[in-house]
Amino acid sequence: MPFGNTHNKFKLNYKPEEEYPDLTKHNNHMAKALTPEIYKKLRDKETPSGFTLDDVIQTGVDNPGHPFIMTVGCVAGDEESYQVFKDLFDPIIQDRHGGYKPTDKHKTDLNHENLKGGDDLDPNYVLSSRVRTGRSIKGYTLPPHCSRGERRAVEKLSIEALNSLTGEFKGKYYPLKSMTEQEQQQLIDDHFLFDKPVSPLLLASGMARDWPDARGIWHNDNKTFLVWVNEEDHLRVISMQKGGNMKEVFRRFCVGLQKIEEIFKKAGHPFMWNEHLGYVLTCPSNLGTGLRGGVHVKLAHLSKHPKFEEILTRLRLQKRGTGGVDTAAVGSVFDISNADRLGSSEVEQVQLVVDGVKLMVEMEKKLEKGQSIDDMIPAQK
């Protein structure tokens, strides 16, 4: 949290219009939703742990946005933020999640057997498969707001829980502060570890305070099941492997995640969840499943096709560069994943990835032979 609450009380000496941020050059969801009226109504409110409206919006004020990417521009500081500041969060959620209304209910389905196919994506094109989500532990504030003691308590709880996993999930925790620069960089390059906190979104929201205190990575012995501790969320759970067997990646994801949830519940610390928002996370873009199922796929021809963007939109998929968000594609390899998080289930979201990527690989093969793909362009899903 950038400011203490005494500072927030002090700001109330000024009129709302004197404190209202200049958002004229901004392109993010928060800037679109925050009117002077909403600012006036919410600015003296705070959550039980003391998170304020100015804390919610600071990252979006400091980062006007990207000309092509619509960022969210706000964060939650605790579970109650979404309720206390709902006049701002509701329109942002509706805008970001395809019209998801304040009365809508989210659905969860972590039964991996409900996924159809997914074990036959062509490994000549699909280089790796990955599914991730975030989880927040009830009773603690979120990374933009938590204190050092709280963050360390989350780490301690997480280590105890993860160290009790057995079988294919047996593994070890590696705290960031005891890693050498080289070890850290190697893990980042292998896509196992989160980047150092250089992202302005992380910095402006206060998530990088005290770095690297109480941050770390836990992974199983095969490095196919990983948990990041105390980055943007309390926990980021990741299942990944080389090749195109998304079915196996999703099975491991569901089984491991449910084991972890069970252990936390038994310890009296369930994950934050409600039937409207699903799993409650720091960034509103991750509400719902928090799930991003993605593959690294080689699309040398399709990526140059004039309808590439339209095909992705119709399949409800999004593309990122090879190194993740805000990076370029190297050697025509794209990171393709589900665009939706809220209002549909985990199984449905991964199904869209499996079916969509399969179709795109078929299109790529046709284009290689110089054939047209016009008859393969899908309808809007």
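Cβ atoms are placed via backbone N, Cα and C, with glycine included.
Feature annotations, courtesy of Swiss-Prot:
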- 11-98: domain 'Phosphagen kinase N-terminal' (DOMAIN)
- 125-367: domain 'Phosphagen kinase C-terminal' (DOMAIN)
- 128-132, His191, Arg236, Arg292, 320-325, Asp335: ATP binding site (BINDING)
- Ser164: phosphoserine (MOD_RES)
- Thr166: phosphothreonine (MOD_RES)
- Ser178: phosphoserine (MOD_RES)
- Thr180: phosphothreonine (MOD_RES)
- Ser199: phosphoserine (MOD_RES)
- Thr313: phosphothreonine (MOD_RES)
- Thr322: phosphothreonine (MOD_RES)
- Ser372: phosphoserine (MOD_RES)
Just checking, which of Arg236, Thr313, Asp335 (recorded positions) has the fewest C-beta atoms within 10 Å of its C-beta?
Thr313
In sequence order, what residues of the same chain, 6+ apart, have a Cβ less than 8 Å from the Cβ of Ser128 (ATP binding site)?
His191, Met240, Gln241, Lys242, Gly243, Val295, His296
Among the modified residues Ser178, Ser199, which residue has its Cβ surrounded by the fewest other Cβ atoms within 10 Å?
Ser178
Separation of alpha carbons, Thr313 (phosphothreonine) and Asp335 (ATP binding site) (Å):
15
Rounded mean pLDDT for the residues that make up the domain 'Phosphagen kinase C-terminal' (125-367):
94
Just to verify a number: CA distance, Ser199 (phosphoserine) to Arg130 (ATP binding site), in angstrom, no decimals.
22
Taking only the Cα atoms, work out how far Ser372 (phosphoserine) lies from Arg132 (ATP binding site), in Å, as a whole number.
35
What does DSSP call Ser372 (phosphoserine) in the simple three-state scheme?
coil
Let me know how many other Cβ atoms fall within 10 Å of the Cβ of Ser164 (phosphoserine).
14
Return one of helix, strand or coil for Ser178 (phosphoserine), based on DSSP.
helix
Across all the protein chains here, work out how many other Cβ atoms are within 10 Å of the Cβ of Arg132 (ATP binding site).
19
Within the domain 'Phosphagen kinase N-terminal' (11-98), how many residues are helix, strand or coil going by DSSP?
42 helix, 4 strand, 42 coil
Using DSSP, would you call Thr166 (phosphothreonine) helix, strand or coil?
coil
Three-state secondary structure, Ser199 (phosphoserine) (per DSSP):
coil
Using a 10 Å cut-off, grab the number of neighbouring Cβ atoms around the Cβ of Thr166 (phosphothreonine), all chains included.
8
